[in-house]
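Q: Below are the structure tokens for one structure; questions will follow.
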Amino acid sequence: LTCLNCPEVYCRRFQICRDGEKICFKKFDQRNLLGKRYRRGCAATCPEAKPREIVQCCSTDKCNR
């Protein structure tokens with residue numbers, strides 16, 4: 001699996017996930033829409049969202065745009 005892993009809106013950097021990591025995720029804070037920064041990467045399970053945080057998970061190559 002290959003996931004994007006940079007904070008910019010238009011991300012071009014990616015990483016190859018390790019064994020056991022079968023999910024790509026994207027997290028961002030819903031309060032900061034103008035200066036939106038993302039956390040992206042690979043995970044074994046979908047990370048849990050904190051208050052006011054949006055988490056999106058998927059399981060195909062570079063799906064965490």
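Cβ atoms are placed via backbone N, Cα and C, with glycine included.
Below are the features I grabbed from Swiss-Prot:
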type: DISULFID; residues: Cys3-Cys24; note: disulfide bond
type: DISULFID; residues: Cys6-Cys11; note: disulfide bond
type: DISULFID; residues: Cys17-Cys42; note: disulfide bond
type: DISULFID; residues: Cys46-Cys57; note: disulfide bond
type: DISULFID; residues: Cys58-Cys63; note: disulfide bond
Q: What disulfide-bonded residues among Cys3, Cys11, Cys42, Cys57 are found with a C-alpha within 10 angstroms of that of Cys63 (disulfide bond)?
A: Cys3, Cys57
Q: Count the Cβ atoms, other than its own, that fall within 10 Å of the Cβ of Cys11 (disulfide bond), considering every protein chain shown.
A: 17
Q: How long is the line from the C-alpha of Cys11 (disulfide bond) to the C-alpha of Cys42 (disulfide bond), rounded to the nearest angstrom?
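A: Cys11 (disulfide bond) to Cys42 (disulfide bond), Cα-Cα distance: 15 Å.
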Q: When the Cα of Cys57 (disulfide bond) is compared with the Cα of each of the disulfide-bonded residues Cys6, Cys24, Cys42, which one is closest?
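A: Considering only the listed disulfide-bonded residues, the nearest one is Cys24.
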Q: Among the disulfide-bonded residues listed here (Cys3, Cys17, Cys24, Cys42, Cys46), which has the Cα closest to the Cα of Cys58 (disulfide bond)?
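A: Checking each of Cys3, Cys17, Cys24, Cys42, Cys46 against Cys58 (disulfide bond), the shortest Cα distance is to Cys24.
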Q: Would you say which of the disulfide-bonded residues Cys6, Cys17, Cys24, Cys63 has the most Cβ atoms within 10 Å of its own Cβ?
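A: Ranked by Cβ atoms within 10 Å, first place goes to Cys24.
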Q: Take the Cβ of Cys58 (disulfide bond) and count every other Cβ within 10 Å, whichever protein chain it belongs to.
A: 16
Q: In terms of DSSP three-state secondary structure, what is the assignment for Cys17 (disulfide bond)?
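A: Looking at the DSSP assignment, Cys17 (disulfide bond) belongs to neither helix nor strand, so coil.
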Q: Through the lens of DSSP with three states only, how would you label Cys11 (disulfide bond)?
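A: SS state of Cys11 (disulfide bond) = coil.
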Q: When you measure from the Cβ of Cys42 (disulfide bond), how many other Cβ atoms are you left with inside 10 Å?
A: 21
